[in-house]
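Engineer: Sharing a structure, written as structure tokens. Questions coming.
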């Protein structure tokens, strides 16, 4: 991969293997983030100052130029005009600098968090799905990462705004202490006075957003269920439901638009009235001769200019709080620890595996079929053999719909629940696992080594988007002949034939666009190509038709000959090819033997011959 | 056949060696080189980024796969049509904005006059108070008019948006059945979510703001001319810079932003796959590959971001200078004019105030045009969906009887590659026909032709003597239905979820009866609200077995005489399958059934079994006849039973 190598402070940032964010508290995390950008944040602040401070001089220079020009002619004003020109040029350059550094800071944050999230997902593996709901991981990666940019942008902005605010104040007070005082007192006062209307605006915004997202989910519901709507019917009903919601959103949108109009009208009113007050006071001073015309014109400029730094202060307060919330979510994800402790021992070359809970022993070099009346019991056995914690997604607390104290409590409860789950995982991982390899309990084995040697292909295995070649050989380390063979054993040649570009044919996200049976066979081919010492296949052909299943069974046995294979299935076509079969009842092994030996075993017959009892001739 | 294809083309399509980088060449940054080389390297990078953006844009405008895309002209025509029916609202929005802009321009004009009068000593203290009072009154009026104008714009924008998205959903709900069945939902889903939100941004924010800004700019410039035409001259410079700068930016920005947002969708889907597939990644040791893929996604995204950043920097340089430099011009011209005696200080003040008032709308108009362009592209993608031609030609003929026949059926999904090579099938009323065969043999395709979803390339399928492709869709659904048992539960009430095929005619009693028949009434009656209970999206969620019962109840309501069952997805979950056998039996009762069977016991129970292989029916007969024939079926049966 020839990606250009990037330094730490250029986006996307390199993530050194030993770099750990400060996950102790949300605010520590934000400061860690700012420090991690190195010189970018100071440079951004400096550029923001270069951009905003000249603007503080513009009204003053404008007034001076007019005054000088009026009294001394064009030549007298030229110096001031040159100053004005210089200030504008510096401001433009500063603006570009600020934009450039702010974008860099923003993207360092976004890409940095996204890269850390993917590393964390890979580091935690299946444990991740036990700790954090998928939606939350994605929102950290896509929206919280963006929030940090907004927060730190506001941080740099506010420092520069404070400097320019002070400067403008000094300039005003030295020009006319009384008018300066009026502007300095009135501007913050007016800004605060307009905040009460912001609350209904925020409420209208969140109501519109909530109902809009419901509308979007109705639309995606229609798109997802379109086969049914066009195949079975119901177009009018669901178009009607969509229209009703759409009209509801429209009404809320108009309400939101009305509040926005109120806010804008108020800001015009307040800043206009301030201008009028200045004109009145200034004109009086003008009549007294204590103020020049140009100076009065500068005050008009300041009345307009000062609203912008004030806006920045309000903005910053809001963004910092939002940033803390985003940081809170991010540190629970990035701070989650893997439960597996390092262990020194490795698996032997051809291990005998024994599971205490079921009493099942997996002998090396043989193909063992596992049959159970309760499919969950045999899937749990497969998980134990692979050293996987049981599945279980954490509940979404629904706290987004709560408000105030109830919301904070829900968040606390959720965090406590997460911590409890993490402790529980670590305890389970530390105590004896209950499965041994050559007599050594799994808890004494190195997990990474175990994962390489014992591979469990579970029913939830997913396909990654890319080419067919990438789906079958995601490692990119196998030869064409090996891949062809794996495809053949999984009886998936027809999928190859159905794609326009053969090996380079597109596989969509999670294999969407393929039928369940097609996906299952590619997953199988991938597991076979991996060729581990011990391969555990859970229901590998449940969505495949009998013809194909028979073909797969025959080829699978030949392919895995001499290697340890466990097949969890209820299909007689697969079972009859197994070297031996373990029959589980209530999670315990009750019988073992070849298909022919077990043919008359009542428990075995009950499971595999379901639907056949009434058809005996 | 397929084995041969693998043998024949595998070597040509297999890629040797590591995955090539998706980053195009030309992004190298020369280290330690002189400024000239650095600038030329930067220009090269910019042009590579520009080319990448153009390629992504072209693909969005004419995608190789998925649904078609309309032209910008068609999209603009669609929006224009919607505006045309809202002339009164549009008139109000424009009228109020003109009035508000006008009021906004009076205050600076009065201020200028005031300063002139004061400096000339023509105004006493009391006169001053009166004039100030008038200005205050004008400002109050301006605030009121602004409120009215903004509100009218919001009403127009939201109304336009609602009409557009509702029309889009209606278009989607008219999509040809054959196309819906064969294409994945991914493309449609992106369009109906992310393209609608881009269109929303354009309609809700950009369009009203365009009206506001254009009116303001026009009115301000008019007012400047009234104030002093000489002091308006510096604005010519602004116009020239804005025109060329804006044109350069706008002609590139759309492609840039589309590329940028596409790059984030790629990052999101890579992350989604890594997170949802965390266990698969762990089991197969794919961590390194997943991290490398995301790192490359972010590299690509960073290049898209750098492109738009450069474009924005160029724009800022032009726009910022173009509306700040006229201030210098106004001062210089004003001071000189004042010394010559043809401009007053008041006029200079007014002109300076106008120039600073122009910054906002000028800045906004560029951003607005940006979003409008994105909105047009999104709209073109949305209404492009409507360009798919329906292959169904509803006729007048009424089927006589329920006999289903397929004659000489040939069909392929790709040109020149047929999946079926001349199949005749003949279903007796009330009969159960099982179709078995290896995957890729064409049995699912046969099911789809028989159910009237796709039109055969050669041959026809008739029901009661009428070609199924000539039946109106509403009618076809009551004759023959394809049961894929995709257990999708819609957001809506239980009733909404069941009535589908007879949404206008089914009574509550019939819906209830259908639920009783499939054994679902027990749990439905316990839901709060019964038939009116809301399902999906944060409401009551159903177990997979309950969802399948709902799916079966839909078919009881549709009441077709023939069912085509595609077992492909139905029996994946063995634990719920057991509960559903009774519900299924109730549905099948009294109907003719074509079952595409994966499990041999389904085939064994059927009246007749057809074995499909290589796109042809190779064996046909009942279980015993096929066993006697001693062909494929007999062989498979023995393997399974012994």
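Including glycine, each Cβ sits where the backbone N, Cα and C put it.
Remember, TrEMBL labels are computer predictions, not curated facts.
Here the structure is a predicted model, which means the values were calculated and not measured.
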Engineer: According to TrEMBL, which of these ranges is transmembrane segment: B:58-78, B:163-183, B:184-204, B:205-225?
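Structural biologist: The range carrying the transmembrane segment annotation in TrEMBL is B:205-225.
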Engineer: Between the candidate ranges B:127-147, B:253-273, B:274-294, where does TrEMBL place the transmembrane segment annotation?
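Structural biologist: Based on what TrEMBL states, transmembrane segment spans B:127-147.
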Engineer: According to TrEMBL, which stretch among B:315-337, B:338-360 corresponds to the feature transmembrane segment?
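Structural biologist: Here TrEMBL associates transmembrane segment with the stretch B:315-337.
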Engineer: Would the transmembrane segment (B:205-225) and the transmembrane segment (B:90-115) count as touching if the test is at least 3 Cβ pairs under 8 Å, pairs 6 or more apart?
Structural biologist: yes
Engineer: Give the mean pLDDT for the domain 'ABC transporter' (B:404-639) on the 0 to 100 scale.
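Structural biologist: Mean pLDDT, the domain 'ABC transporter' (B:404-639): 86.
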